[in-house]
């Protein structure tokens, strides 16, 4: 029988209330042992009481709710204790429950038990974590549909359809001398399944980018003001700023919110030819970050003419989406605009700013939003994790292989095997086929108490 687990479910800190959650077969027994008054309980009804410690001293006035198995979040007997939201009082109640036999919960253990007890599948479990971590309204909307079970519902229906198709194929295989099903119908059902998967996957990469934060990479040669720009955009000192070129050697990643859209802003080492081994590593990382970014802010220094280092950087990013940012316009402007236009071409966005004086920053933010509009707009759908994407893409490939085998009139057991492999990918997506390692990876980053 699983241990009875306990954890604080609300953020640690001072607030109006804290919630302590306990799940397992001994939940009510342990709870009774710490309550001042013996109470007759009704499931899902809050009641008033006091929590006492082992010597009978009252710790706090509380409200308690009991959830009877299987009608609870975890599918087990569950208790929620709502106490005053102080750090000391909440921890004291938690310690008292542990001293009476409850075990401190691991990260995500309540949701893991909900999955293992059949209350949710893995798509819903992932949605729980994502809605807690969502940093923008757009991401909340994307994830909420899966929390309500939309992706799960669609994929379960797809699974049922494929099971029916597999049954038709296996009947043909078992009775080869009889024509029991129109071959065209089998092929059509497989094609329809592929079309359905493609509809689910449509714009999925954009949704994954949006949910994790659109990557905006700041690049340029040393001492052009990249770190100052990062600090100005995030409105705090996150990167070290000095007049010494090459101060930034490693990537600095900072979350940024603009108009409710979540970004990850990345400051990089200045790109130039160098014999310094550490600086060379920083330059390599900067180039790699630019290659992986969704948008580049290419920073030029208004106080120095465009040189070969600038041109080299431009050659590295010319296939990417980028904005040219001329910084330090509060000082002497030595950049020849006509020469710059020849180098960049006429369609390149060029903005002038002073990161130090915070001039032109609002216009830059507006241009950033405009530049990623395609990512922001094309986000309808339900795929919100790379794991979901990969299993559905695998399912699509296996179904395509089954159609090819069918068209080539290969033995029907080969066609059936491909459909079974497609179903296997769906089972892994939903979690009906899982390993402990997979669950560990999914739940390890959950907060304790969820």
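Positions of Cβ are set from backbone N, Cα and C atoms, glycine also.
Residue 450 ((6S)-5-formyl-5,6,7,8-tetrahydrofolate binding site) falls outside any helix or strand according to DSSP and counts as coil. There are 20 other Cβ atoms within 10 Å of the Cβ belonging to residue 450 ((6S)-5-formyl-5,6,7,8-tetrahydrofolate binding site). Residues annotated as (6S)-5-formyl-5,6,7,8-tetrahydrofolate binding site in Swiss-Prot: 21, 80, 119, 450.
The annotation K(+) binding site is assigned in Swiss-Prot to 223, 242, 244, 247. In the three-state DSSP assignment, the secondary structure recorded for residue 223 (K(+) binding site) is coil. Take the CB of residue 223 (K(+) binding site) and look out to 10 A: across all protein chains shown you find 20 other CB atoms.
Taken from Swiss-Prot, the feature GTP binding site covers 223-228, 242-248, 267-270, and the record attributes it to sequence analysis.
The Mg(2+) binding site annotation in Swiss-Prot covers 227, 248. All protein chains included, residue 227 (Mg(2+) binding site) registers 23 other Cβ atoms within 10 Å of its own Cβ.
The annotation domain 'TrmE-type G' is assigned in Swiss-Prot to 213-373.
Listed binding-site residues: 21, 119, 226. The one with the lowest count of other Cβ atoms within 10 Å of its Cβ is 119. Each of the binding-site residues 80, 269 was assessed for Cβ neighbours inside 10 Å, and the highest tally belongs to 269. If you take the Cα of residue 80 ((6S)-5-formyl-5,6,7,8-tetrahydrofolate binding site) and the Cα of residue 269 (GTP binding site), they are about 50 angstrom apart, rounded to a whole number. Excluding 21, 80, 119, 450 themselves, the residues of that chain whose CB lies within 8 A of the CB mean position for the (6S)-5-formyl-5,6,7,8-tetrahydrofolate site are, in sequence, 9, 23, 72, 73, 74, 78, 110, 111, 114, 449. Residue 269 (GTP binding site) has its Cα within 10 Å of the Cα of none of the binding-site residues 21, 119, 450.
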